[in-house]
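Below is one structure, written out as structure tokens, with a few remarks after it.
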Amino acid sequence: MVNVFLIIIAVVIPALVVLASLYLIAYFQHPDDKNVAYFPKIIVILGLTLAATSILMLPLDVANDGGSGGFPMDILWIIIYIAVAVFAVVICPFAMFFYESEEADPGAGSQIAGAFKGTFAILFAFTALTIVLYVFFGVAEIPTIVVLGRFQVLNYPFMSDISNITYALPEIAAIIGGNDERIRFDPGNPDLLGDGSEYVEYRLDKEFLQFRVSIALFIITMVAFFGWLLFIIFGGIGLVALPFDMIGDFKNRPQRIPYDKYLERKKKIGERATELVEIGKTIQSRTSGGIMSKRDRKNYNRFRQAIFLLEEDYERLKISYKRQGGKVIFYYAQFFGGFVALGVSLGWLLHIIIYMITAPEPFHPFLNSLVIALNNAWGFLGVIVYGLLSFYLLFCVVKGNFKFGLRLFFLFPIHPMRVGNTMMNAFLFNVGLILITSVSITHFCTMAFSQFTSTTAINSLFETAVKNLKILKWFWVVYIFGVFVMAVLTAIFLFIKPKDKPAKIRV
């Protein structure tokens, strides 16, 4: 029977996410994008709604209680994740290329033609890779043990200091009780008459049940795989960088300065700006044909990083003099938020150590106990805490991507989110990143809160099919370590080099 309350929640939550997305665009968008660029804005709203829905479906799956709530969650999960794949691979790239295309460029044809070219290249690469991997590795190998029977042992014929005894019948293996002692049992042996206090479970050797997964499920696996690669890098970086920068921004907040100091700093910024203008002209002249060499692309990324840091320095200078240091309460709120973020990051890292890495026999349930206790006290409390913890991971991914782009700017250009100064291509880039990593974050949370999600359809989807695919199953063994190791390396790196510095551009 369908649970009416769950239907209401399933409708209300996406509606709230849409409203939050509208506010996010209005708060962050650049003035040049006001009342224009409606198509990219619609894609941003739909993408954020889809990503948030995919994460918040996990509590809905828990409340559905193995299907008793009336929702076909196994089908809904596949629909949502296929939609995520379409948005991340096709729609967001198309909208981004469409926004960035220059109609004045005769080589681009039109905005739509330019967008189709870039999108087709991404779609072709993803489709080709998916087909090749599906043909060779689209088979799940489920470990199984064939149980022949469970019998009562009439006697325990060996002494406590002997761990292994072999009898006749070598084709039958047995496990006694809860111990891992393997013996051979001969039911015809008269020495086994006894009190019947022990049990023997007859088993064959471990076997693997093989079946080819559906192409839809394999596409979800591909998105999850790429999402995990991004989550390991950006999520691990963001877990440290987010609280680190929030606290560091308070320490380095703009201070009130006199007029002469303002003129001195403004002059230095002007000199940097003049130098960057000349560098920009040089880069533009070398790429007038629309094609960048590897070196030119690296220089372009360095150029964008230097421009961003220059703009940041100028904004801080204006706050220091024209606004007399700005609103102090904002920086104290950020300072407090930094310590809250630090606590959440430490909580996640501790949970990885004592619960996820030590599975299947974890040292302590930790966050599971918190969510379950709150869920038992009042269902929405558990959902709220889960939502806050999971969305925090999304913020860490966005922060990690930005931090990675600032420090390793030669790999790809940065797409910062700045209040009142964010172009739609930055929105689209970050929405695509959020969509891809939302799948891996849901998978991560399914394992992190496995006691909370044990009867869910998504747990069966990930644990049965996705985690047991050929070759890829070995990746799932190490990715939890990857997140933790990346966080530790980031902490070491940021303590050694805490400040972001402009790159040296070699033109």
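Heads up, the Cβ atoms here are built off N, Cα and C, so glycines get one too.
According to Swiss-Prot, the feature transmembrane segment maps to 5-25 (among others).
Feature annotation from Swiss-Prot assigns transmembrane segment to 42-62 (among others); the stated evidence is sequence analysis.
Long-range neighbours of the transmembrane segment (75-95) within the same chain, counting only residues 6 or more positions beyond its ends whose Cβ lies under 8 Å from a Cβ of the stretch, are 39-40, 43, 46-47, 50-51, 53-54, 57, 61, 115-116, 118-119, 122-123, 126, 216-217, 219-220, 222-223, 428, 431-432, 435-436, 438-439, 457-458, 461. Residues or ranges marked as transmembrane segment by Swiss-Prot: 75-95 (among others).
Long-range Cβ contacts of the transmembrane segment (120-140) within its own chain (Cβ-Cβ under 8 Å, at least 6 residues beyond either end) map to 89-90, 93, 210-213, 215, 218-219, 222, 464-465, 468-472. Sequence annotations record features per position, and here Swiss-Prot assigns transmembrane segment to 120-140 (among others).
The feature transmembrane segment is assigned by Swiss-Prot to 215-235 (among others). Sequence-distant contacts of the transmembrane segment (215-235) (same chain, six or more residues past either end, CB-CB distance under 8 Å): 78, 81-82, 84-85, 88-89, 126, 129-130, 133-134, 138, 393, 396-401, 404, 433, 436-441, 443-444, 461-462, 465-466, 469, 472, 475, 479, 482-483, 486.
The transmembrane segment annotation in Swiss-Prot covers 335-355 (among others) and rests on sequence analysis.
Sequence-remote contacts of a segment are chain residues at least 6 beyond its ends whose Cβ falls under 8 Å from one of its Cβ atoms, and for the transmembrane segment (378-398) they are 51-52, 55-56, 58-59, 63, 230-231, 234-235, 237-239, 241-242, 341, 344-345, 348, 367, 370-372, 417, 430, 433-434, 437-438, 441-442, 444-445, 449, 452. The transmembrane segment annotation in Swiss-Prot covers 378-398 (among others).
Same-chain neighbours of the transmembrane segment (427-447): 25, 28-29, 40-41, 43-44, 47-48, 50-52, 54-55, 57-58, 81, 84, 87-88, 92-93, 95-96, 99, 220, 223-224, 226-228, 230-231, 234-235, 356, 359, 386, 389-390, 393-394, 397-398, 401, 415, 417, 453, 456, 458-459, 462-463, 466, 480, 483, counting only residues six or more beyond its ends whose CB sits under 8 Å from a CB of the stretch. The transmembrane segment annotation in Swiss-Prot covers 427-447 (among others).
Look at Swiss-Prot and you will find 476-496 (among others) tagged as transmembrane segment, backed by sequence analysis.
Residues 228, 231-233, 235-237, 239-241, 244, 345, 349, 352-353, 356-357, 407, 444, 447, 466-467 of the same chain lie 6 or more positions beyond the ends of the transmembrane segment (476-496) yet place their CB under 8 Å from a CB of it. Sequence-distant contacts of the transmembrane segment (42-62), counting only residues of its own chain at least 6 positions beyond either end whose CB sits under 8 Å from a CB of the stretch, comprise 6, 9-10, 13-14, 17-18, 20-22, 24-25, 71, 73, 76-77, 80-81, 83-84, 87, 91-92, 95, 375, 382-383, 386-387, 390-391, 394, 424, 427-428, 431-432, 434-435, 438-439, 441-442, 445-446, 449, 452-453, 455-458.
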